[in-house]
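Annotations per TrEMBL:
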- Glu62, Asp78, Ile80, Asp81, Asp209: Mg(2+) binding site (BINDING)
Amino acid sequence: MKKELIKIIKKAGKILKEGFYADKNITFKAKKDLVTDYDVAVENFLKKKFSTRFKNFNIIAEESDNANIQFNNSIIIDPIDGTTNFVNGVPHTAISVGVYKNKKPYLAIVYNPILDELYTAKIGKGAFLNGKKIKVSHEDNFQKALLATGFPYTSGTNEDDLNDVVKKIKDVLPLCQDLRRLGSAALDLCYVARGTYEGYYEMNLKAWDVSAGILILIEAGGKVSNISGNTYTLFEDKYLVASNGKIHDEFIKNLNL
Ligand code: IPD
Ligand code: CA
Ligand code: CA
């Protein structure tokens, strides 16, 4: 299944790449939440291919009707993660596809066609970037940790969320090396997996943002939890905290100051 998934996703990557350099039709789903005709085109392409090829899985996809999500044996698609980057020409954008069996991660692909970076993982078989095995960093000193975060779209409308974003930055920034906000949750998790970042946290993520990145990080030796340090549950937890494992306890402590 992994090989076929990659083949299909690479084809979809051509649509994303073409769109990256083209004029796009942009509409707003919410105050800060953009969608383009290319998000829809990539999603429709993937759904068509997956539904004919992988009939034992239902499909959950960002730009589709998600009023009644059935999550079990599921392929979870974010057609373009980092749409704001995609629209503005920032090359940190990717297709993210996570395959779940009985609600457990099974296969994961994150593909950035602009930089030609293909991250893949299968449960128990390790994580790879363009076919080369990747591992999390060894850094165990929180003060030397390069961290990443993201800002939820609700920061434009929900004052509690905005205050929480600002508080956590104020608490964590003096204690770590530095903080990045590159704008693609799927790739942020892959950057922890490949040892570029020591950790990443964000609130209000959707299942499609992280369905693939979670498995890629775990298979690279990293750790994912909720803000209490317990198992992160897709579709349920408000906060996701991800790390190389070595700084995790201190990360959790510093996010709860
Ligand atoms: C967004 C990106 C961004 C994160 C947002 C996500 P989208 O996904 O992953 O980094 O901060 O929370 O919604 O809308 O570009 O698919
Ligand atoms: Ca996303
Ligand atoms: Ca998206």
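Glycine residues also receive a Cβ, built from the backbone N, Cα and C atoms like all the rest.
It should be emphasised that the depicted structure is a prediction, and the values quoted were computed from it without experimental measurement.
For each feature listed, report its degree of burial, its nearest neighbours and the pertinent distances within the displayed model.
A 10 Å cutoff on Cβ-Cβ distances gives Asp209 (Mg(2+) binding site) a total of 25 other Cβ atoms nearby, all chains included.
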Can you tell which of the binding-site residues (Glu62, Asp78, Asp81) has the fewest other C-beta atoms within 10 angstroms of its C-beta?
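Each of the binding-site residues Glu62, Asp78, Asp81 was scored; lowest Cβ tally within 10 Å is Glu62.
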Where does Asp209 (Mg(2+) binding site) sit by DSSP, helix, strand or coil?
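SS state of Asp209 (Mg(2+) binding site) = helix.
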So which of the binding-site residues Asp78, Ile80, Asp209 sit close to ligand 2, that is, with a CB under 6 Å from an atom of it?
Asp78, Asp209
